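Enquirer: Not my notes, these are from TrEMBL:
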type	residues	note
ACT_SITE	ASP253	active site, proton donor
BINDING	ARG64, GLY65, ALA66, ARG98, GLN212, ASN263, LYS264	substrate binding site
SITE	CYS173	site 'Transition state stabilizer'
Amino acid sequence: MADQDARSPVGIEPPALSVLRWAEPPEGPAVVLLDQTRLPSQEVELVCADVPALVRAIRTLAVRGAPLLGIAGGYGVALAAARGEDVARAAELLAGARPTAVNLGYGARRVAEAYRCAEEKRAGRGQAASAALAEARALHREDAAASARMARYGLDLLAELLPDGPHRLLTHCNTGALVSGGEGTAFAVALRAHRKGRLRQLWVDETRPLLQGARLTAYEAARNGLPFQVLTDSAAGSLFAAGEVDAVLIGADRIAADGSVANKVGSYPLAVLAKYHHVPFVVVAPTSTVDLGTPDGAAVVVEQRSGSEVTEFTFPGPASAGAEAGASASAPVGAQAYNPAFDITPPELVTAIVTEEGVISPVTGVGLAELCARSSQVTIS
Ligand SMILES: CSC[C@@H](O)[C@@H](O)C(=O)COP(=O)(O)O
């Protein structure tokens, strides 16, 4: 279905900027982000010099995606510590900035705990702040390592599920280096497939309303020379019907104890389509995204976002422009909109969950606890 021109690599220079970095004085202390609301047209850094600025960046999706939110939350707490602020309060502010991605609270609370332990050992404030920063850095490194392992396990799984080789993979939202300390989750599997000569096509759902697929995944796919095409979310059905999808690969914001998967809105319809068309639906997420404290999908808090994201097109996004500056209406003035940021895919629609500790079939959620226990990730109550 894809013609040759559309499939040839776009080839764009890699960005000079880090997705997220810690800045020391005199530039910092600060958490410096690649502002994802400006991509793909502009690569611009956003300097968050205090926790409220970072909370704003998280809410406006300048920084986003579950694993990166965890890393940002961790550095945010380190920032509060470096500024001599109330670290426990900063951790709660950051953890509450967005409700669905469990990694955000995980990262913030883990670094706050490192700070508290250092204080308990009667370290001075400066030493406790250093301990917090070291923990944030450890979290960042662990995520990069987890990403590489998930890519390996994920591609091995695809080889088992789809022995006939080069794969046509469909993905939703953005799950690459822009959400990770490494190369990402689901996208990292596609990238590895490409490097091994086993990717025929990456289908990129545009991901309404904020276009994380079209703006961000396509940007990453182009930079890495992947063969890809963007499609509207509503075109996925006809793509499956035409037999053009070999597997769906997505990430997750929270995986409940029963194996239910919360991910970007639009994931659940893809899972239903995949089931109908007998196509594997594979979730790729680190064990830090598994939340054994959430029993099932019904218990996941799904973030509801402003209806204006649906009724107005505003790009560059809200962090940089604001509705007044350059928004164009896509619905009549005053129209109300239903805008959940995530949906829940029940375990019976998920073929497998790939983590850095291994792969499980989530039909009963059995095995998730075991994988989490194997993980080197620190447990935070
Ligand atoms: C590894 S990324 C997995 C998810 O975080 C990703 O698919 C997603 O839904 C991100 O949503 P976003 O609202 O852009 O933060």
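Quick reminder: no glycine exception, Cβ is built from N, Cα and C everywhere.
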Enquirer: GLN212 (substrate binding site) to ASP253 (active site, proton donor): how many Å between their Cα atoms?
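Expert: That separation, Cα to Cα, works out to 14 Å.
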Enquirer: If you count CB neighbours within 10 Å, which one among the binding-site residues GLN212, ASN263 has the smallest count?
Expert: GLN212
Enquirer: Quick check: in three-state DSSP terms, what is LYS264 (substrate binding site)?
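Expert: The three-state answer is strand.
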Enquirer: Quick one: pull the CA-CA distance for ARG98 (substrate binding site) versus the residue listed as 'active site, proton donor', whole Å only.
Expert: 11
Enquirer: Measure from the CA atom of the residue listed as 'active site, proton donor' to the CA atom of GLY65 (substrate binding site) and give the result in Å, rounded to a whole number.
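Expert: Just about 7 Å between their Cα atoms.
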Enquirer: Round to a whole number and give the Cα-to-Cα distance in Å for the pair LYS264 (substrate binding site) and the residue listed as 'active site, proton donor'.
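Expert: Distance (Cα to Cα, whole Å): 8 Å.
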Enquirer: Are there any residues in the same chain, six or more apart in sequence, whose C-beta is under 8 angstroms from the C-beta of CYS173 (site 'Transition state stabilizer'), and if so which?
Expert: GLY65, ASP205, THR207, GLN212, GLY213, THR217, ILE250, GLY251, ASN263, LYS264, GLY266, SER267
Enquirer: Running a distance check here. Ligand 1 versus the binding-site residues ARG64, GLY65, ARG98, GLN212, LYS264: which have CB less than 6 Å from one of its atoms?
Expert: ARG64, GLY65, GLN212, LYS264
Enquirer: Between ARG64 (substrate binding site) and ASP253 (active site, proton donor), how many Å separate their Cα atoms?
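Expert: Pair distance, Cα basis, whole Å: 10 Å.
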